[in-house]
Amino acid sequence: KEGYMGSDGCKMSCVINDQFCDTECQAKLKGSTGYCYFXGLACYXXG
């Protein structure tokens, strides 16, 4: 599933690193990869 993970506490973790977003996307959205969209401070999951 692709898309932004929403406002479920990803803003702070996004500032820290992309790895957290990547892990969250794989675990919660069953996506293949995830990265931080810095301008919006949100995780984006791809695949």
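Each residue, glycine too, has its Cβ placed from N, Cα and C.
Taken from Swiss-Prot, the feature disulfide bond applies to Cys14-Cys36 (among others). Other Cβ atoms within 10 Å of the Cβ of Cys36 (disulfide bond), summed over all protein chains shown, number 22.
In the three-state DSSP scheme, Cys21 (disulfide bond) is classed as helix. Over all protein chains present, the Cβ of Cys21 (disulfide bond) has 23 other Cβ atoms lying within 10 Å. Residues or ranges marked as disulfide bond in Swiss-Prot (evidence: sequence analysis): Cys21-Cys43 (among others).
Taking the domain 'LCN-type CS-alpha/beta' (1-47) as a whole, pLDDT averages 70 in the prediction. Annotated domain 'LCN-type CS-alpha/beta' per Swiss-Prot: 1-47, in sequence order.
The Cβ neighbour count for Cys43 (disulfide bond), using a 10 Å radius over every protein chain in view, is 29.
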